Structures are given as structure tokens and as C-alpha cells.
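Engineer: Shown below is the structure under consideration.
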Amino acid sequence: MKDFNKVRIAIASPEKIREWSFGEVEKPETINYRTLKPEREGLFDERIFGPIKDYECACGKYKRQRYEGKVCERCGVEVTSSKVRRYRMGHIDLATPAAHIWYVKDSPSKIGTLLDLSAGQLEKVLYFSSFIVTKPFNAQKDGRPLKRGELLSDDEYRELRFGRQETYTIPNSVEDVEIRDGEYVTRGQILGGNVVSKMDGLAQYRFPRRAVIAYSEGVEASLPLPADTLVEQETFRAGEILAELEQDVQITAPVAGTVFMHDLGEDSVMIELREGVEANDSDEEEAADPIRGEVLARVYVPHGMNVQVAEGEVIEAGALLADASEGARLRVSRDSNLSGVTFPKKKGDVTVTAHWTRRVEYPIDPTMHVLVGDGSEVTKGQRVIGAIDKEEEVIAEADGVITLHQPASILVSKAKVYAYDDEPLVVNGDRVEPGDELADDGNLRSEISGRIELDLVRKQVRVIESYDFEAKMGAEAVKELLDELNLDELETELNEQMKDNSRHKRAKARKRLEVTRSFKASGNNPSWMILGTVPVMPPDLRPMVQVDGGRFATSDLNDLYRRLINRNNRLKKLMSQGAPDMIIRNEKRMLQEAVDALIDNGRRGSPVTNPGSDRSLRSLTDLLGGKQGRFRQNLLGKRVDYSGRSVIVVGPQLKLHQCGVPKRMALELFKPFLFKVLEEKGEVTNIKQARKMLERYRDTRDSVWDALEEVIEDKVVLLNRAPTLHRLGIQAFEPVLVEGQSIQLHPLVCEAFNADFDGDQMAIHVPLSAQAQAEARIQMLASHNLLSPANGEPNVKPSRDIILGIFTLTQLRRDNLGAGTEYASEADALAAFDEGKLSLNSPVMVNGVETSPGRLRYTFSNPDEALHAVEQGEIDHQDHVRIRLNGQVYETSAGRVQFRRMVQEALGAQGGLIDTLVDLETTYEKDALKDMVMACFKHLGIEATAGLLDGLKEGGFKLSTTSGITIGIDDIVLPPNKGELLAEADQMLAEIEQNFEFGFMTEEERYKQVVQLWNNTTDAVKDAVFENFSKNYPFNPLWIMSQSGARGNPQQIRQLAGMRGLMARPDGSTIEVPIRASFREGLTVLEYFISTHGARKGGADTALRTADSGYLTRKLVDVAHEVVVRDVDCGSTDSTVMPLGATDERTGEWRSRKGSEIETSIYGRTLTADVEFSDGRVIPEGEMLSMEDVKAIAKDAKHIGEVFVRTPLNCRVKAGVCQKCYGYDLSQAKPVSMGEAVGVVAAESIGEPGTQLTMRTFHTGGIAGGGDITMGLPRVIELFEARKPKTQAVVADRDGVIRIEEEEERYLVRIEADDEQYSSKTATKVPRVLRMTVKDGERVEAGQPITRGAVNPHDLLMYKDTDAAQRYLVEEVQRVYRSQGVKVHDKHIEVIVRQMLRWVEVTDGGDTTLLEGQTVEHWEVDQANEALAEGQTPASWKPVLLGITKSSLTTKSWLSAASFQHTTHVLTEASMRGQVDDLIGLKENVILGKLIPAGTGLLTVREMQVADDRTLEKYGEGSTSSDAVTGGQRYDDTRPGSSINPGYGD
């Protein structure tokens, strides 16, 4: 399966999940605690996942391989290898669908984007707190049609589905309510007491507490008043006057009887005289009840008369019933009227028929119910109020009208009530639409949609307004919507929205359109984001193992699966039992949460934790992402066999290409090879024997060790020291067997590994195959990696003791006794020496020529003679003498001649070129030795250089040991004039303080002057220390160590022997009180305390720096790993201008850049224009600049001015660079090879020195208003992440003349362009804290900073161009590295910057498929535009700058992005798009276990055949010269078809 070149990721369909599965897991059980065998249908079931034991079924009926493939009829287990349990999957069928949380919680949510739902809305639907409309039909909400996909709360759903009804409780204290039963009320209307209706609707009483029946009474009665006093008319209306009395009147009883009165209102009564009922013993109450007696007479008493009898009173005939005095006005009461008034013709009373309403109140208790509606007419004898107890029922005493009062509650509903006469045509619960028949043979029709409630008693049809529509909750609803989604229609709709004028709407439509197109193009069905079936991982990937004590340790996944299965089974059971909807809904929500926890625990809500601890369980997502996830832990970083680890110790006797491997370790590492050799030698006959032999006899049999020596003879091993910050962190060495248990390391490779011998450990690996061995030997051997890939300088160079020894040997002694004296002749000078007036090395003048007594006294005919004199003690190695060499006399020292011989011996056969390497005039310190190594590499090649280094190492160590140099406290010599310098400083300090007291300066100026004073004083003391050492103590061990570069820098020497000087506060600002003492003198308590500040800050910085630097390296590798040399020449005609200097603004002088800066800018680059020197020499266009060329250009910088070169920034190769644009491979000092992984090299070159960079934020001294300037590592990170700087400079946004107006707190800046229409319309406000760097009226260019501060690279891109942004980023990163003395070639930074600027933002998609606002690589826009037909509008774009993190995640390779950061987001996006990874970069190939498409992994190299010289001659090949690096293997990478430019999406 290694033969594939693309990998696609997509969303799995339910069918695909079932296809993967070998059976359904139905039970949550794992293994039986007694038998320890998997339970059937459980999470470890052998029938589903395969047998636990190789080729053995569960019951043991079938054993051995011969039954392979057979399924046991007894236990149902297939007989096969137990390895299948690592890849056989199962599945769980869910009782209800569940959403995949990745597509829900990703930002933006994929499901939400498609359905146009916000994250919050989608969550409400999925977790059962809102309904979503799936089929709206003709439902209405708030007067508008209901939309598909609209969310409804529980209440809204109930209201729309079943009608809105609200019940309002009326307190007992309310006597009566404000509204009548059946009245329409409006929102805010008072119903009763303080109760207010919250909606418009029909109000109905619920449980009235009392009823009042108004009976209509009408009886004939006498009006015993004189007829002449009454107004003569037949009828009297309510309130009409009956009579105005002119005399007193009395009404008397016509008969004897019991009085019964009817109240007619307003004191008017109808008096009935009734016959009394005789009481009997059994029914006293009945006897006393006058109603039951017969009416004997009725008398009408009008309003205005005074009644003189009481209810129930027994009176005699003639008794006074009522009276009225003269002048009284008698009238009909307002609640009654009179008709049929008859006046007697002769004698007798007036008779009238009186009509009135008699109100009878009936209390209603909870056991009673009203049978008629409020305001209904009742007839005499009608059952009005029913009751459980028949005797409590209320029967109407007469015809009348009933009113209900004091309801316990009022029901307000959106409904319409229709009264009917005939039979209704609908029944309770029916649904009707507008126009549907209700009753009366179809004459009564509904006006609204709704649900029917019949009131057969009152003969009413109530239509409660509601609608028949579908709305659901949970993933089931979402799945239905996704299933019905028409992507073509949606795309058309969104394309229309993209034409909207609103930018916000266009941005939203673009996001939705991208997702829609992704689903269309990938063939994914959107509904697959909802799971109906959950796959179950193979059991061996979620194992369960028995630990001590009989307990089981299990993978967290098993707990999560168990939880899911339990909930799923419970839901199935509840659904089959018909449980209430609320319970089912809750269970479905819990099932969704169980699926969420399994896929991504903790993504929503609080994570599921381990019982008994707070540790959250590791879900499937946790297995993928993070440092411990599958990508980074297992795919990109595997543990390998044939490896070991041990402490390292120095091996000074080793050659550069060797390392010492402990015997025991080698025995284990080379075991397979050893077995083979022992077998070949006949020591053993098989592997088993060989293994036994090694275990038992390895210490007693020499043959084992002899065989081991033979095995390792032509092998190399790899040594690695963590952290592996650059490629030199792993190098190959030939093993040398050593005693002990430590790995021995060559001292010179320590720098590359950053190793020291204070307990460091290193890992050792054995390349197994012949190809691996060959590759390791050719490309990784320590002696083949002498130059640093970062800057091309030797990284293997003499250091420490070696430098010290050689420096001591080649140093010249200079004595001061009699120095500078002039003598007429050599004899005079020697005479003075003999008299003791001169020392042997005192410089004197003889006949105007400088010499010394040593040079005059000693002239040796050859080096041997000089060295013999040293042995005899006549002279020292450092004495200045004359020595004849190759027929020429040199004024030098015996030491230098000895050094020359040492180098010559180290070079061996190539020692003839010694004069090009060793200069007898030079004292060899660190840099001189480094230059010598570089020269050797250039002239003599790698092998000779490795030999030279070994020779220098051996000689240097020997000399360092024999010289006996060491330091003691007495070697720290204080300068004699330190006291004077401090006294001067104190005097100046007093002046500054005095000026401040007098008000001549501000606090800020005083502080700055004090700091400057002490800085100057510290420098003066430092100079005094150095002068003292160089003049008086040139051979002081401390001075020698510092001067030679072996150990100790000038700052350390200054602090030891001079003064410590100013210290920093933790915030980086300077404390103005200096430490005057040196360490030699000792610090006072205060001085010690002051110094602890900075020291602690330093310690904290180092810890932080290491982590930040490592993370930066990782981000850089991720952004650039795909950049490989893929072509010979991309044909780019663009060039980058590299200025060699600049004109000083203040002096107007032209100043050249430093030599090292010019080197890191142009070394190894291809010229795009001729370079002409002042002497007429020309380097032609197309040449690559060697180090000699660069040094010559640096010398003639003023004449040349600038150089035009090709850089990776302008390279046109997709996902890589070409050889011409990249230039030299700095580690080989020659043009880069095809397939070189220059992106990774660039990332390592920038990241590896990151730890050396300071963390410091440079503070302006704690003074208010001074901004912080970010420096060091944070500044590098800020630049590579393209962040807005902390203190940002204001940049000119156009070319023109600047106009500055000053205000109190700010400047107002306006730029006048040459063309008036382009001038600034509004002024830019600049705070005064930012100092202006230009003056009013000055000419400025677009992109030019006009204030102090760091420029935002995005501004440069916007106002100027891509080139300006690129150069700025490169220069700013270099500024930080140079400030720390770190050399990194510009091209490495350019490779990274190119990756940051490869993106563009589409401003107008034109007729292409690209969308406005989309971020794509620029070649994609070009490709899309090229594909257009003539006349179509191409897409337009603007460049964008992405930080390295963003750029890494936006990459085309989903494997690379997912293994970097935000794994779930990347995989979600990629699977939605059905993204194909073309496996162009390195990481994706490493993940898949393929050879990387770089170096020897290139197809062109893999197809290359190895041939010896004879074969080459046979085929007539030209040159047969072999290269040390390729070991005689050559291939022509310029042949046609060797370009490996990838075609994305081909």
C-alpha cells in the first residue's frame, strides 16, 4: 500500500460505517470478571472483533492455522489471527439520530451555516430546548407565514399547534371582576383586582364562586290610596311619579295574615299577606315558612311611603302597613314598573299589575357546576346548577337571567365562539381551516384555522386558533432539514445574495456559499453529519488489561462507549413502552450528550470525568490532537527499535567521524548482524543457539567480541541529542567499541549538538538497510557536515582548550624593559641586552629598523633547530626569533613554526598547500582558526578539513595541558587608575544633581544623564582594565583566555577586574545607582541586592525563552516544510536589490554596511545584473557569488553601491524553489542540490539560535510616556506572526508633502499629494507620545514611517507593495539576530516570508468560481483566470500577509495542518470538502510512512543507479570525478523531466 500518491478525507455515510463494521455492539458489557472472556454482543465480543488467541475460536473447538477462515458453529467466532482485533470495527445503531459534534461546534458551525442557524439556535434544537419547523404548511405567526427552519420555543410551539390559552387566578378577596364571561379582552386590560390580561382573546370564567339569577316577577296587587291623589294613566314606567299627597295617607291590612315582602328597590315593596301553616311536631321549620302559605292579599307600597311592618309578622285586619305624610311624592321604584292600572268606578282600591326583577344569589362550591352560560335566560323549573348531592342542585324558581360572579380564574384564549341551532358537523378535537363547515347544515363556517371545542350545553362551537404544521426537536429534526436541502437551489439563492450591496450580507453569503459548494463538489451528503450509526473502534486500540490486585485498567473510550450503549438501550426500552414525551425527550438529549462525549469530551458543557476523580475522560478527539495525540506522538514521532541511550563523556582520542559505543550496548544494537556473522563463522547453527550464546558466554568467549568488531567495521550509527533544534542534532559516526557504559563523543562536534559533559545524555540509532547505511555515511557523517546550513561558517571548529593551547603557542612575547630605545648597530643592542638593560623581546630600533635582542641573537637555519633550542631551555615558544624556512628567513617564534608543522602533519598528503593556510605573522585565536578551517575546506575539501580539525584538536589539547594555564584570584588584576575614574564620575554626578536642583533639567533628562554618565564611566574602567592587562600582563591566564576566545568575554573580564556597572530592574529599565565594585573587590550588601534583580530576571527569561523558541521552530517548520528545491530554473526575471550601504542623513556621507551583513545578504546568490568593480573586473549576470566574490564586493562597496540578485521571494516554483533563485547550499558552499529540503533548513536556521535571543522588552527607563520597544525573541515571533506591533508607527498612506498641525495632546497630520484629488481628505490624529520623525513641509513616500515605533507590515503591504513588506520583515528579523551576534543568512528568512505572502484575498470573483473575500494562494487565482474564455471578467485580488500559524493552517495539505494545531477544525473542514492531499510536503509523507519527497526520497534519486568508474567509461559518460559528499554517486539533475514541480489538483 506504499504505492499511492494522494489521500482523500470525507464524511462517512451510514452505509460506509455499516460496511466497516463486523457486527452490532448491543450490550455495554466488556469482559466476564470470572472467566475473563469477552461477553457476547459486548464491547470486546470475539464474534464481532475476532479471536483473542491466534487461530483459536472462543470455545476452543477449532485451533491451529489450518482452520483459518472457518466460523465456529458453536461460538460463532471466526478462526483467524488475533491481529484482526486491531482493525475490525463494530457499530451501534442509535435509537434516534445524533449530531456529530465536530460539525456542530466548529467555528463556523457547518450544520448551522447550511441551515442558516446561529450556533446558539442550533444548540437549542439539538439539545431539546427549542422546536424547529420542518413543514410549515399554511401556519401563521404574528400575522406572517411560518418559515421552514424557524425556531419555536416550547410555549410558542404549543400556542401555534394547540392554540394559545392563558389562565389568570383571581384572588378570593376580589368581590367581582371587571369583565363578563365570553367578553373579548385586549392585552393589558384589567380582568379583576390587580390581574391584567397578557394577551388579546376571548375571556371565559373558570369555577365561579357564586351565581345570581334575576327572576322576572309580575303580580296583580291593590294600591289602597285615594284615587284622586293618583295620576290617572294606565302604565307607569320605572321612576315615574304616582301621586303628590295633599294630606297624610295610611295603608292598612285588608285581611289578617302573615307578612311576606318582595323588595322592589328604593324602599318600594310588595306586601303579601299569607295564610299561616299549622305547625306539627315533625316539621317546625316548615310550619314557620310563610312562603308555603296561601296568598290572601297583595298590597303595592310605592317609593315615598314608610313601611310599618316587618317580614314574618302576623297582623290583624286593619293593621297599619305603611304611611306617608302630606307633601310626600310617591313614585314607582327604578327597578320596577306598573301596568294595567285600574281605577274603581265607585268604591274600592286601585289595582295595578307590578313587574320587577327578583335577584337570588346562589353560592357555588367546588362540588357544583354551572350548567348554563353567563347572561343566559332560564325558565321556571330549569336545572341551572348541578351538584354531586342532588339536594344542592339549583332549579330556577321562575323565568329569569343568570349572571356568574367571582370566578376562581379566567381563561383567556385566542379563539372564536360560534353559537349554533341545529346539530354540529364537527366533534371535539377536530381541526378546521378557514371556510370549513361547523354546524346548521353548513350555514355556520369557521373564519380561522384551529382546533374544535364543543359546548353542547350552551350550544356553542369554540374554534381555538392553531395550525397543523410540523416542528420537531433534536438531531432528528436537523437530519430531516438536511435531507430535504437542495444544494443547487441554495447555491443559486446565495449567488444572488452575493450581489447585495450590504458588505455584511455578502460576507455571510460567501461563508454559506463556500460550505454549499464544498458539499456539492465533495459528493458528501449534508445529512451524513447526523449519525444514525456510531462506529465502534477495534478493541485492541482501546484495550482492557488486568493490573496487580485483580483490578482492570481500561481505556477511557470503553467508559464512553458503555455510557452511550446504556443510554441507547434505555431509550429504546422507554420508546417501546410508550413513555411520556418529556421523559423520552430528556433521554434523547442524554443520548446526544453521550455521543458528544465519545467524539469530543468537554467540547460542550462540562466534560465527563472518571468516577472518583476530576480527570476528564479522553475521547476520540483527544486521541488525535495535542502533543500526546495520534498525529504528533505516533505518526510524526515514532519510537524505533535498534536504539539506545546513555550519558556522554568526552572522547579526545577519537577521530572526527568516530564515536565510542559501550561494548554491551553495541552487542544489543547489532544483535541481528552478530547472529549472522556467528552463524557464518560456524560458532552457532541457528538463531536460538546464538541468542543463548550471547546471554551465557559473552563475557567469557572472545569470539563474540571478535565477531562484533567485524560487524561494526563498515557500519555507522546515528547519534542524537535532544532537543534536536537543527539537522546537525543527528549525525552519523563510525562506532568504536569502548569499555564502560558511556557513549564517547568527539569534542569538536559538541557545538553542533549543543552538548556538554555535565550529565547530558544522547540516543544512538542503527540504520539497518544497506541504503540507509550508505545514506547515513554519505550525507550524515560528522566529518561531512563541517559547515553550518544557517550561515555557511564552520560549525566544527577548534574551541575552548584547543584554542587556548594554540593561542599560547603562537603568541609573541613583548617585553617593556628598554622598549623603543634606538641603537646604532646590532652589536650595541646585544651589548645592552647582555648588560640587562633590555629583555629578550624588548622592541628596539637598530639603524631605523624595528627588531629585538631575540631576533638579533637567535637565527636558526631550520625549524628543528629552533624547536631543539626550546627543548634545551634557551628560548621559549613565544620568543621573537629568526628562523629560515624554505630558503627564506622569517621573523617569527618557535611556537608558530611548531604550529605550522602541526598543521602540516594533520593535512598529511595534502600538506604541500600549508602556506595558503598558515601565516607565520598571525597569532591564532578563535576567528583566525575558524578562517583557517574555512580556507582548508575551500582549497582541500572535506576529508582534508576533517583531518586538519583532528590534528588541531590533538595538538591543542596537548599544548593546553603542557602550558599549565589556569586562573587563580591573583590573576584578576585591578587597574591602578580606577579610583581616579570613579572620583571624576562622582564630581560630574554632583554637577548633574545641582543642575536638576536649580531646575535646569527635567527628571527624565536628569535620569538619562546619570545613566549615560555611569555607562561612560564603566566603559572607561573597562578600557583601563584592558590596557593594564595588554601592557603589563600580556601572558596573564585570564587575559589569554579572553583574548584567544577560549572562554570569557570582555563584559565578564570587566566585572571581575573593573566594575559591575549599572544593573537592570525586572521590567528591563536601568537602576541609576551603579555597582562600583568588581567581583575581585567584593560587593557591598546593597550592591549585591541591586544585582539580584537582573539575575533573577535572567533566570526566568531563559526558562521562558527555551519554550517559546521551541514553539517558534515548530511553527516555522510547519509553514515551510513543503518548500523543496523542485526545479533547476523557474525562469523568473524579477530581481531583488541588495544595497551595500546607505547615505547618512545627518552627515551626508555614504556608509558601507558591515562585511558580515553583506555576507548574509548576497553570499551564494545568483546575479541578475553584472557587478563591475572599480578596477574594471566584472562578475557576469547568472554567476553565483562565492565568499571571495562577496569579500571583494564588500571592499569595493562604495563603487558598486548595490547588487541585483535572485531570491526565493521572487521564485515562481509552486510549493518549492528553484536552484537559481535559492543559490548556494551553505553547508556545502556550492549550488543547492535538487530535492534539498530548504524550507526545513530555513526553519531550523532561524529557530535554533532562538534560545540565544533575549526575552527583553527594552524599556525607556521607567519614564512615563516612553513606549516599550519589543526586542529579542518576542519581536521575532511578532514579525513572523505578522502581529500589530505594541508601539506602532504611523505610516504615510500616499506620496506627497506632509503638513503637521500641533495641538495640546496630539498632532494633526495631512499629506498633500502632487495631484490634488489624491490628497488626504481628513487629518490623521497622532498622539504626542509618538515622536514625529519628519518635519512640516517634508516630502514623504507611501509606506514611510512618520513617527517613532515599529511599522505594521500590513500597512506597508496596503500603502506600498509586497516587496516593501518582504524586505521589511527580513531586515527586522535580521536586526534582532544581528544585535545578539547571531549570523543567519537572509535567504532562510526569505523562504519563511515567501510562505507568509503566498496568499491573496479575492476582491472581485469576476466570472470565475472564486468568491469575494476568499483567501487563496495567488497561483490559484492565476489558474482560474487563465481558464476563462475570451471576454469573460477575470478575478481581481489584493495580497495578504498571514502569520506563520495562520499560513500553516491554511495550507492545501490537510494532513500537515491537522498534525500542526486545531486538529478537529482542520479535519472538520477537510472532510466536509472531501479534500485530497497531494502529499507534496514532508510531514504528510512521514505521517503515511512514505519516503519524503526530498533528498534521496526524490523519485529522480530513487531511480538513479549506482555505477563505478568502469561502467561509466563503458557508457561514455564524461567526467568520473567523485565528490566526497555523494561518495562517487552522481546524477544529472538538469536532464529533461527532472523538474519535480508538483501540479496541485492535477
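Numbering starts at 1 and runs along the chain as it is shown here.
Glycine residues also receive a Cβ, built from the backbone N, Cα and C atoms like all the rest.
Straight from Swiss-Prot, here's the annotation block:
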BINDING   Cys57, Cys59, Cys72, Cys75  Zn(2+) 1 binding site
BINDING   Asp756, Asp758, Asp760  Mg(2+) binding site
BINDING   Cys1130, Cys1211, Cys1218, Cys1221  Zn(2+) 2 binding site
COMPBIAS  1536-1546  compositional bias 'Polar residues'
REGION    1512-1546  region 'Disordered'
Engineer: Among the binding-site residues listed here, Cys72, Cys75, Cys1130, Cys1211, Cys1221, which has the most company in the form of other Cβ atoms within 10 Å of its Cβ?
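Structural biologist: Answer by Cβ density within 10 Å: Cys1221.
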Engineer: Going by C-alpha distance, which of the binding-site residues Cys57, Cys75, Cys1130 is nearest to Asp758 (Mg(2+) binding site)?
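Structural biologist: So, spelling it out, the nearest of the binding-site residues is Cys1130.
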Engineer: Other Cβ atoms within 10 Å is the metric here; tell me which of the binding-site residues Asp756, Asp758, Asp760 scores highest.
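Structural biologist: Answer returned by the neighbour count: Asp760.
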Engineer: Which residues, in sequence order, are found in the same chain with Cβ within 8 Å of the centroid defined by the Cβ atoms of Cys1130, Cys1211, Cys1218, Cys1221 at the Zn(2+) 2 site, excluding those residues themselves?
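Structural biologist: My list of surrounding residues reads Asp1127, Asp1129, Ser1132, Arg1206, Pro1208, Asn1210, Arg1212, Val1213, Val1217, Gln1219, Lys1220, Tyr1222.
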Engineer: Out of Cys57, Cys59, Cys1218, which of these binding-site residues shows the lowest number of other CB atoms within 10 Å of its CB?
Structural biologist: Cys59
Engineer: Please report the distance from the Cα of Cys1221 (Zn(2+) 2 binding site) to the Cα of Asp756 (Mg(2+) binding site), rounded to the nearest angstrom.
Structural biologist: 38
Engineer: Please report the distance from the Cα of Cys72 (Zn(2+) 1 binding site) to the Cα of Asp760 (Mg(2+) binding site), rounded to the nearest angstrom.
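Structural biologist: Here the two Cα atoms lie 57 Å apart.
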Engineer: Determine which residues of this chain, when Asp756, Asp758, Asp760 are set aside, have a Cβ within 8 Å of the centroid of the Mg(2+) site's Cβ atoms, and list them as they appear in the sequence.
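Structural biologist: Residues close to the Mg(2+) site, other than Asp756, Asp758, Asp760: Ile648, Ala755, Phe757, Gly759.
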Engineer: If you compare CA-to-CA distances from Cys1130 (Zn(2+) 2 binding site) to each of the binding-site residues Cys57, Cys59, Cys75, Asp760, which comes out shortest?
Structural biologist: Asp760
Engineer: Can you tell me the CA-to-CA distance separating Asp760 (Mg(2+) binding site) and Cys1218 (Zn(2+) 2 binding site), as a whole number of Å?
Structural biologist: 40
Engineer: Given the binding-site residues Cys57, Cys59, Cys75, Asp756, tell me which ones have a C-alpha lying within 10 Å of the C-alpha of Cys1218 (Zn(2+) 2 binding site).
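Structural biologist: Close binding-site residues: none.
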Engineer: According to DSSP, which of helix, strand or coil covers Cys1218 (Zn(2+) 2 binding site)?
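Structural biologist: Cys1218 (Zn(2+) 2 binding site) sits in a strand per DSSP.
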Engineer: May I ask for the distance between Cys75 (Zn(2+) 1 binding site) and Asp756 (Mg(2+) binding site), taken between their Cα atoms and rounded to an integer number of Å?
Structural biologist: 62
Engineer: Just give me the nearest neighbour of Asp756 (Mg(2+) binding site) among the binding-site residues Cys57, Cys59, Cys1211, Cα to Cα.
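Structural biologist: Its closest listed neighbour, by Cα, is Cys1211.
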Engineer: To the nearest whole angstrom, what is the C-alpha distance linking Cys1211 (Zn(2+) 2 binding site) and Cys57 (Zn(2+) 1 binding site)?
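Structural biologist: Cα-Cα, rounded: 63 Å.
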Engineer: So around the Zn(2+) 1 site, Cys57, Cys59, Cys72, Cys75 aside, which residues have their CB within 8 A of the centroid of those CB atoms?
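Structural biologist: Same chain, not in Cys57, Cys59, Cys72, Cys75, Cβ within 8 Å: Ala58, Gly60, Lys61, Tyr62, Glu73, Arg74, Gly76, Val77.
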Engineer: Give the helix, strand or coil assignment DSSP yields for Cys57 (Zn(2+) 1 binding site).
Structural biologist: coil
